[in-house]
Amino acid sequence: MAEPAIELVGIDKRFGAVHANRDIYMRVEKGTIHGIIGENGAGKSTLMSILYGFYQADSGEIRINGQATRIADPNAAIALGIGMVHQHFMLVEKFTVLENVMLGVEGAPLLKNGISKARAELKRLEREYQLDVDPDALIEELPVGLQQRVEILKALYRGAEILVLDEPTGVLTPPEADHLFRILEQLKSQGKTIVLITHKLREIMAVTDNVSVMRQGAVVATRKTEETTVEELAELMVGRRVLLRVQKGEAKPGDIKLSVENLTVRDSRGVVMVDDASFTVRAGEIVGIAGVAGNGQSQLIETIAGIRAAVSGRVLLDGQIIDITGAADPGELRDRGLAHVPEDRHHMGLVLAFEEYENSILGYHDDPLYLNGPFLDLEAIKADARKKIEKYDIRPGDPRLKTANFSGGNQQKIVLAREMERDPGVLIIGQPTRGVDVGAIEFIHKRIIEMRDAGKAVLLVSVELDEIRSLSDRILVMFAGRIVGERDSDADEGELGLLMAGVEHKEAAE
Amino acid sequence: MSQPFAKLPAWADYGLLPLINLIVAFLVAGLVVLLVGESPIDAAVLMVKGAFGSGDGVGYTLYYATNFIFTGLCVAVAFHCGLFNIGGEGQAYIGGLGVSLVGLWLGNFLPWWLTFPLAILASALVGALWALIPAWLQAKRGSHVVITTIMFNFIAASIMVYVLVGVLKPAGSQAPETRVFAEGGQLPGLGWLLELVGLSMRSAPLNVSFLLALVAAFLVWVLIWRTKLGYEIRTMGFSPKAARYAGISELRIIIITMMISGALAGMMALNPIMGAQHRMQLDFVAGAGFVGIAVALMGRSHPAGIVLAAILFGMLYQGGAEIAFDMPNISRDMIVIIQGLVILFAGALEHMFRPSLQRIFYRLGRAKNRTAAAVIAGGNQ
């Protein structure tokens with residue numbers, strides 16, 4: 001057998017307490033398309049960043065074409081013939097295609113000679129790989145699919161033999177994605193090696209020759225694509241981990257507390273993020289929204305919580321309409337009994353530079369309980385913070401400690417304590433245990449169940465399918481902004497996985 | 001991400017680091033002095049003596065410091081909201097309009113202790129209104145305050161030229177300034193304060209505005225760390241997303257913060273106009289608005305730090321004048337160079353030595369841990 005294009009042996013990488021890559025072995029054959037699949041945070045991007053020289057592995061070896069190498073920085077990677085197409089493009093918007101392609105490899109202080117040479121080379125590449133782009137078009141005027149093509153051209157122009165694409169279809173429409181796959185096939189037939197990072201099963205099945213599945217920083221399996229199935233990959237990806245045993249009785253759903261009707265949300269670029277979503281949440285039940293990250297869950301809960309404006313649709317809290325057209329006032333919604341544990345606790349749920357007690361009132365700082373006229377009643381706030389610290393076992397139990405110095409789990413407890421202790425009627429929770437240590441997960445899950453049993457309506461969003469399944473009384477699956485299915489909590493894991501990957505949705509549409 | 005460097009202890013962050021910056025600035029400044037053929041040591045002695053060696057020296061130093069406290073606070077308050085208000089110069093200049101109108105009019109028949117509070121209100125109001133326009137443009141239209149406030153400095157300067165050569169100039173006068181205020185428009189000096197420490201002030205213009213500046217510094221501390229508004233300002237400054245989540249109106253906070261910032265700058269006009277010259281002259285701000293930026297940076301946006309930094313810059317101004325007077329080779333412009341070096345090292349390059357200092361502390365910390373571990377291990381044996 002020929003030397004593999006890439007061989008990663010025993011790659012290990014930690015970021016502080018996070019073990020991002022665990023003793024990884026991976027072999028990518030020359031002239032193949034190799035898929036790496038896994039949920040968000042499984043360590044795919046870290047691994048590729050190590051390959052591209054952004055990070056250095058703590059231990060392990062990288063072999064390119066059989067040669068052990070040290071990749072100190074991206075320049076070294078480029079010299080070895082590794083090209084990377086990032087999820088977020090690294091293009092100068094105000095430059096033309098040609099200028100972007102030759103950026104950094106201009107060849108001479110005066111551009112004149114370089115330009116004509118680059119133009120000729122670009123023409124050749126475009127012909128050879130059928131990557132048609134107008135070299136004189138401005139990047140900002142090109143659609144996303146073509147911008148991506150420029151990224152690929154950039155890599156090829158630098159002599160890439162190995163091309164790494166990080167979630168390349170995340171920003172593409174389905175036809176654009178199909179076109180991209182044809183380009184990848186073309187590149188493969190010319191002898192290039194391609195590594196495709198994705199969390200979409202459909203893409204893996206469509207274009208790859210081999211696929212490695214990553215979970216929690218480790219490669220859990222490598223398969224030949226033709227010998228595996230979507231079901232098997234979904235299982236491997238989500239993991240057959242034992243469900244965390246959550247003590248949970250029968251739900252006793254009461255009145256409808258939160259009702260979402262035909263909600264449509266666009267992001268700042270005008271892309272539809274939530275597409276005609278409708279559902280209800282009753283008192284005393286937990287409704288879980290499952291889905292791969294980036295399918296509109298974040299936008300959905302931010303809209304309900306009044307942070308983001310919707311294009312159309314209605315949201316009713318206790319039967320009363322929330323004004324979502326101009327983004328409601330989150331403060332007013334809090335007064336009406338809607339609490340929100342945001343997905344992004346580092347930037348939204350907390351101010352990391354604040355001391356703990358200051359964060360314990362974020363959003364509720366208007367409450368006269370914490371105020372003496374215009375002044376903060378520091379004693380009352382700290383006493384209140386101490387009570388929450390005790391009840392939620394937040395460690396270290398020091399309200400004067402800077403929030404950034406708490407661990408992820410304890411930071412999350414600060415947010416949960418703040419939102420839950422207000423006794424809200426409706427609780428929206430995004431990613432309750434992301435980046436949270438195992439010990440805290442159980443505690444957090446118990447609290448969420450307690451909220452339900454106390455008759456609160458809980459809307460839960462998580463990319464952890466296990467978590468959704470063990471906590472929810474009903475499960476909604478979101479894919480591409482749509483709610484594509486509703487299942488009971490005992491729904492089959494594989495079936496949910498397929499719904500999340502949009503498989504059944506696609507078949508149903510056809 | 002892993003944090004490669006240990007966090008600096010507070011005393012090193014707020015004490016040692018500024019001190020290192022300052023020493024380097026003075027070393028480089030000393031080289032400049034050497035270059036023009038004067039002794040840097042003599043110059044340093046002259047500067048310190050000039051600034052603190054006599055009652056008048058101290059009076060002048062604190063008089064300048066008063067200006068810088070106000071403008072430093074102006075910059076700091078905006079910093080806490082994540083805004084960079086570099087329009088303190090213009091806000092102070094236009095604030096002079098408020099002071100002068102009160103001084104010219106009410107100064108004729110009210111005693112100073114009644115004119116003073118009214119002048120404070122007038123100067124603060126005018127400064128705040130001058131900051132309101134850039135604030136509104138930032139909050140509503142996203143026009144960056146750095147751009148708009150600096151442009152408003154020019155507008156303010158032009159308006160004041162118009163006012164001082166036309167509207168407020170007494171008939172027949174050749175100078176672009178108002179008439180001298182009547183007694184009620186003149187603030188009393190603080191000679192008695194210096195006498196308490198055994199210094200006598202004869203001609204220095206130190207006046208009660210200095211006390212007002214200290215009160216303002218205290219009130220800013222209360223505002224930022226002890227009020228709900230300050231909490232909202234800091235939340236916005238650290239994380240606009242968290243502010244949105246918490247239901248804090250960005251529009252409201254930006255406008256209020258900028259108006260407070262502008263009001264503080266506006267109050268600076270009290271010191272030279274009512275306190276020293278007893279009239280408004282052309283260009284009375286004389287760059288204090290910009291020095292305020294360096295003062296706020298050096299004082300880490302904390303009122304206590306700002307008062308100290310302001311006194312330092314007051315010393316540079318006063319002591320620098322003494323050097324220019326006594327050393328023929330050193331002109332007024334040389335002093336500006338030295339002041340510029342201090343601003344460069346203490347302000348713009350304030351983080352230059354941070355990484356090395358962090359490394360040193362990291363190594364020290366590790367060494368200490370090792371020793372401690374060895375001691376424990378040794379104890380167990």
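Placement of Cβ uses the backbone N, Cα and C atoms for every residue, glycine included.
A TrEMBL annotation is a machine prediction, not a hand-curated record.
Summarising the annotation, TrEMBL assigns transmembrane segment to B:12-37 (among others).
The annotation transmembrane segment is assigned in TrEMBL to B:62-83 (among others). Beyond the transmembrane segment (B:62-83), the same-chain residues lying 6 or more positions past its ends with a Cβ under 8 Å from any Cβ of the stretch are 89, 91-92, 138, 145, 190, 204-207, 209-210, 213-214, 216-217, 220, 223-224, 230, 233-234, 236-238, 240, 253-254, 257-258, 260-262, 264-265, 267-268, 271-272, 275-276, 285, 288-289, 291-293, 295-296, 299, 301-303, 306-307, 309-311, 313-314, 317-318.
Annotation source TrEMBL lists transmembrane segment at B:112-133 (among others).
Counting residues 6+ beyond its ends, the transmembrane segment (B:145-165) has Cβ neighbours under 8 Å at 78, 83-87, 89-91, 93-94, 96-97, 130-131, 133-135, 137-138, 176-178, 258, 280-283, 289 in the same chain. Under the heading transmembrane segment, TrEMBL lists B:145-165 (among others).
Per TrEMBL, the feature transmembrane segment maps to B:204-224 (among others).
If you look up TrEMBL, you'll see B:245-270 (among others) marked as transmembrane segment.
Annotation comment: TrEMBL describes B:282-299 (among others) as transmembrane segment.
The transmembrane segment annotation in TrEMBL covers B:306-328 (among others).
If you look at the transmembrane segment (B:334-353), the same-chain residues 6 or more away from its ends with a CB under 8 A from one of its CBs are 17-18, 20-22, 24-26, 28-29, 32-33, 36, 291, 293-294, 297-298, 309, 312-313, 316-317, 320-321, 323-324. Annotated transmembrane segment per TrEMBL: B:334-353 (among others), in sequence order.
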Intrachain residues whose Cβ lies under 8 Å of the transmembrane segment (B:282-299), provided they are six or more past its termini: 18, 21, 67-76, 79, 86-93, 96, 153, 157, 160-161, 164-165, 176-177, 265, 268-269, 272-273, 305-310, 312-313, 342-343, 346-348, 350
Close approaches to the transmembrane segment (B:306-328) from elsewhere in its chain (Cβ under 8 angstroms; 6 or more beyond its ends): 22, 38, 42-43, 46-52, 57, 60-69, 72-73, 76, 213-214, 217, 291, 294-296, 298-299, 334-335, 338-339, 342, 346
Tertiary contacts of the transmembrane segment (B:12-37), as residues 6+ beyond its ends and Cβ separation under 8 Å: 43-44, 298, 300, 302, 305, 312, 329-330, 334, 337-338, 341-342, 344-346, 349-350, 352-354, 357, 361
